[in-house]
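Since the structure comes first, as structure tokens, the remarks are kept for the end.
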Amino acid sequence: MNWFSEHINIKSLWIKCKSCGSSVFQKAFIENLYVCPKCQHHHFIPVYERIAMLADKGKFKELWEDVSSEDFLDFTINQQKYSEKLSITEKKTGNRSAFIAARIRMNGRNVNLGVIDFKFFGGSMGSVLGEKFFRLAMDSIKRKRPLVVVSASGGARMQEGIMSLMQMAKTSAVLSLMDDAKIPFISVPIHPTTGGVSASFAMLGDVIIAEKGALIGFAGPRVIEQTIKQKLPDNFQKAEFLQECGMVDMVVHRKDLKDTIARILGYLCK
Amino acid sequence: MQINKEKKIKEIDQEIEKLKELEKREKISLDDAINALMERKKSLLNKLDFWDRVFLARHPDRPYTLYYIENMFAEFTQFHGDRLFGDDLSMITGFAKLDGIDVCVVGHQKGRGTENKIERNFGMPHPEGYRKAARIFKLADKFNIPIITLIDTPGAYPGIEAEKRGQAVAIAENLKLMFKLDVPIIACIIGEGGSGGALGIAVADHIAMLENSVYSVISPEGCASIIWRDASYAREAASNLKITAKDLIELKVIDHIIKEPAGGAQNDPRLVYDTLKDHLKNIISELKDKENLKAQRIEKFRRLGIFK
Ligand SMILES: [Zn+2]
């Protein structure tokens, strides 16, 4: 083997941690749920691996995967239409929306699971996310199954204008029905959860479990820095900081997420 | 309307005044010239585009919530504080009489003049503002008093303290709470409907909007700086976002448009107070005997969304 091919090989087998810079064997990194074994930094985990991590093996049925977005405002950025960007994103991600809705089993229990795909328009909330969230929660009520939603989102889908804002109200509306029906809703904000998603369902969980190190807030750090014209402290808006402020119930390591949710559901589902 | 256009209209007005004086002084008729100027003014006023409306919605002389309260209601009794942290002066809450009908009034308050603007935090509430609103919503619900909200904010405040005290939580909880209230809720956007900060008191059975107000998921400047990475693209952003009353009634996000006098509410506030007051009275009487308001409110918002 010459130096060149060896180098390439090394590059594909090893992952460099974004936080501590140490090199981690790729296979070990993935088996460790994309968490750096040295510094425990939680890296981005692809959406279907996130689901695999939460659902019992083979116990996953996706719902409404064909519901997709429409460019009803004819929104155009630098000559690129929203509709064009949508079809590119759909091809790239293999998904038709930023929200995967599913019926799963979690440690043997029937659960309705929603996961936001951050790779799809930054996990932004548009009409489809709101609609699928609403349907999934209604399905939870009908089947008397708890709802678990994992969020990672930059906020509202600007390309859907006011309609994306209305999804904040729409998702909150169905959660009022969940309250009436006494169906548990566990919200899991992961990195990053801001804007319209945090200011609606993500912060309305009966229990809110934040993933370690996740940035969670109303306004994004850039907007706040521009407003107050000063640098923000390092830990600001991090999950641990939110727990200190009393805004989330707990902060958990990714490897403990499934068991923690399942244990809490044990208390809430009778 | 933009400053240029507003200036031009002022110049026409001055020109007309001059001609009228001349008429008096010289005892001649200048009707033709005056009419021509009037026509020009009218065509300028009729051609308000979306960007003119952004300008008018933020006009420094536009009537703010407390003026509406003073001029539409009697016996306004203000309540202060969220019983948790403090009293947010950018959010006004209280009870009042609308021609003898008891109502609960909640609205954003902007300030006029530097000092007052700062005191009102430019109409941008902190979490305690939304929690004060929530407290008064519950009080109104408990004693069966219909709720009227007046929306006029650039947005909820994005700052360190706001984040620490849970801005996201405060707004989210209001959204859910407003779907649980049994009393009628009527919202009216009177100026700027800025994103979640506006929606935090705008979940309602009936949503009206002043003709020259705007309601948007993000400010045109904010949208421009995120998408174009340059706030100077605000106009382009606003045109894409579709934020005028006419756009929103087509999307069925709002139910009614309140007409404004030519050139904006600041030109004849009395007319706007009277029009809105009549409208509020009509809608309250329409809603007060309806059953299952809550379920209908949920259904109204469930229908919002366009997808394939
Ligand atoms: Zn590391």
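Including glycine, each Cβ sits where the backbone N, Cα and C put it.
Note on TrEMBL: of A:17-39, A:40-62, A:132-154, the range annotated with the feature zinc finger is A:17-39. Taking each of the binding-site residues A:C17, A:C20 in turn and counting other Cβ atoms within 10 Å of its Cβ gives the largest count for A:C17.
With the fewest other Cβ atoms inside 10 Å of its Cβ, the least crowded of the binding-site residues A:C36, A:C39 in this structure is A:C39.
Within 8 Å of the centroid defined by the CB atoms of A:C17, A:C20, A:C36, A:C39, the record's Zn(2+) site, lie the Cβ atoms of A:K18, A:S19, A:G21, A:S22, A:V24, A:P37, A:K38, A:Q40, A:H41, excluding the listed residues themselves. Filtering the binding-site residues A:C17, A:C20, A:C36, A:C39 for a Cβ under 8 angstroms from any Cβ of chain B leaves an empty list. Residue counts for the zinc finger (A:17-39) under DSSP (helix as H, G, I; strand as E, B; rest coil) come to 6 helix, 4 strand, 13 coil.
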